[in-house]
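**Student:** If you look up Swiss-Prot, you'll see THR9, LYS41, LEU73, ARG87 marked as substrate binding site. Among the features that Swiss-Prot reports, ATP binding site is placed at THR9, PHE10, HIS17, GLY88, LEU89, ARG90, GLU98, TYR123, SER124, PHE125, LEU126, SER127, SER128, SER129, with the record citing sequence analysis. The annotation site 'Transition state stabilizer' is assigned in Swiss-Prot to HIS17 on the grounds of sequence analysis.
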Amino acid sequence: MKVAVYPGTFDPITNGHLDIIRRAVSIFDRVVVGVAADNYKKTLFSLEERVELVRTVTRDIPGVTVKSFSGLLVDFARREEAVAIVRGLRAVSDFEYEFQMSIMNKKLASDLETVFLMTATEYSFLSSSIIRQAASLGGCIHGLVPPEVERVLLKRYGFL
């Protein structure tokens, strides 16, 4: 069984993330979405809330499991018996950072591959931070995040 991990902060998960997850599941037998504790970022949603949101919006995608993790990504990938790390690329600007990370991960775990998937064109501008900013100002985020996420965001910012 070929397992991949798809790590991220997912604060919140967007339709761009879901696009990558669906496509990764078509390549691998199982995809573990790793929600990072990420002690280096101030998140809008707690780790538990982010895990629950990701679980909610991926519940109907066969082959997907959702787990939280902290520490090195390669250690998480090894615990999950993954053969690959999946990363989404929105633009060339993402590639430089992701390329450096993939080299470091390869140094730490030479048997682990990194697979880059280009985000669908309609989501190439999308990021969690853009979604948070738009939602906080009352902007329309419909169609950019799953309905469950839209509801939670609007409620968090006092628009529901």
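Going from the start of the chain as shown, residues are counted 1 onward.
Glycine is treated like the rest: Cβ placed from N, Cα and C.
Keep in mind that this is a model prediction, so the values were computed, not measured.
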**Student:** If you measure from the Cα of LEU89 (ATP binding site), which of the binding-site residues THR9, LYS41, LEU73 is the nearest?
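**Tutor:** Result: the closest of the binding-site residues to LEU89 (ATP binding site) is THR9.
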**Student:** Report the nearest neighbour of SER128 (ATP binding site) in space among the binding-site residues LYS41, LEU73, ARG87, comparing Cα positions.
**Tutor:** LYS41
**Student:** About how far apart, in whole Å, are the alpha carbons (Cα) of LEU73 (substrate binding site) and LEU126 (ATP binding site)?
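**Tutor:** Counting only the Cα atoms, the answer is 23 Å.
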**Student:** Quick one: among the binding-site residues THR9, SER124, SER128, which has the most Cβ atoms sitting within 10 Å of its own Cβ?
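**Tutor:** Within the set of binding-site residues, the most crowded position is SER128.
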**Student:** Pick out which of the binding-site residues HIS17, LYS41 has the most other Cβ atoms within 10 Å of its own Cβ.
**Tutor:** HIS17
**Student:** Based on Cα distances to THR9 (substrate binding site), point out the closest of the binding-site residues HIS17, SER124, LEU126.
**Tutor:** HIS17
**Student:** Near LEU126 (ATP binding site), which residues of its chain come within a Cβ-Cβ distance under 8 Å, counting only those 6 or more away in sequence?
**Tutor:** THR14, ASN15, GLY16, ARG90, THR119, LEU144
